[in-house]
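Pulled from TrEMBL, these are the features on record:
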- 130-261: domain 'Fatty acid hydroxylase' (DOMAIN)
- 344-364: transmembrane segment (TRANSMEM)
- 348-427: domain 'Alkylglycerol monooxygenase C-terminal' (DOMAIN)
- 376-396: transmembrane segment (TRANSMEM)
- 408-429: transmembrane segment (TRANSMEM)
- 435-454: transmembrane segment (TRANSMEM)
Amino acid sequence: MVFSNDTGELELLVRDEMGRAADSVAERLSWMFYVADPAKTSFRNHEEVPQYYRQAWPLFLAFAVLENLVLYIQGKPTVRINDGVTSMSHGIILECSKLVSRGSEHWLYIWLHQNYRLVDLPWNDPLTWYIAAICIDFGYYWVHRACHEVHILWAQHQVHHSSEDYNVFVGLRQSFLHQWCGFLFYLPLAFFIPPSHFLAHLQFSLLYQFWIHTETIANLGPLEFIFNTPKHHRFHHGSNINCLDKNYGGVLIIWDRIFGTFAEAKENQEIIYGLVLNRPSFNPVDLQIFYNKNVYYKVKSMDGWKNKLSAVIKGPSWYPGSPWTGEDSKKLDVQHREKFDVKLPFWCNLYLLSHFIVVVIGFQELTLRYMAMNPVVVLLMISYILLSLTSIGLLFENHSYAGIFELLRCVLFLFYVQHFGAALTNPVFLQLWHYQYFFIFSACFWILQCLKVLQIRVKAK
């Protein structure tokens, strides 16, 4: 009888836990599809707004697995490991930048609302929630459009278009400078939209746009007229000449229809993804910043201060005497092209994936505890994460210096653990001990590789 009671209590406990888990998943899905409950996602103060984006990471991975399964069933190419890891690396870089900025990019918005707001919209009124959703999506349209039609802003946003694939991982490809470039466009909203709603809806907009990066969904019927969908956004990501500067909407596509930037995808047209002039690289740090050099050289090549200024604030295809975004007749007409790819052996991809998982684990621990840590230590850990992502990217490219770079990274890790391990008390550092033997083995391999005893044999394409 006691056994029966214990079993019944255990079953109730399991059901309760499963119910809470299901509710948690359902709630996170509501964020991603922008159908969140206004009552649960409205807050009095901006400090109370959760980090929805970070909490949704498990769903990102679940969506990625589901997408690959559907692609396999549909007989389409699945995600390339080098491109997928590079996209996730961009997401980590973005989140690392937020650990440093700690929301300071929103300070001016909060200050304007606190001191110069024109109306006091009640924070707990559902109508305020919906007004904020529409206004922030309208603001996003202009931010996004500016990022394509202003050269210096495109230098940051191009990161998002740098992949030659189109899948949910691409939704994670974001510039760490984009948040600093776009905040100015939202400032007019500070006169009436509460900061708590502003911060929440910025995240919902980003989460919504994650799942529309897929080729598995062909058409959503009547929803195509109002909402931004995978079909519309696929067209936006094309480097085909008829795809350029179209479909800027974030959640709603109606802004494009109103302002003349909407274009319908043509039936059976092959959309060529990536930049018009691609950067053949899997190094996420390089992809984040390389285009700024292009802006510099273009400005340097111009005569007169007016042309130099125009080279910064007008479109990437602008040249003296042309319209703001350049003339279509003189733009490069991108046709079918071979994707940049390096066919590494299976063991090498497995090695890189293993080290990337270690980076993700370290990054996750850092995000959970960084507020209680010394800022200098946080910066050092972020620097090592960036170093690791760079090394992984170079190895995916089979760069000539990748082996030396990776050896130095492994040695640096071991040096830190051996010399400072005894003084480690923070949980983030304590778990470093679990990985030191993995890094010792890795360092030994790269020593042999640098001495030409072992070599990475790249497969023919």
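Using N, Cα and C of the backbone, Cβ positions are placed for all residues, glycine too.
Broken down by DSSP into helix, strand and coil, the domain 'Alkylglycerol monooxygenase C-terminal' (348-427) contains 71 helix, 0 strand, 9 coil. Here the domain 'Fatty acid hydroxylase' (130-261) returns a mean pLDDT of 96 for the predicted model. Taking DSSP states H, G and I as helix and E and B as strand, the domain 'Fatty acid hydroxylase' (130-261) has 85 helix, 3 strand, 44 coil.
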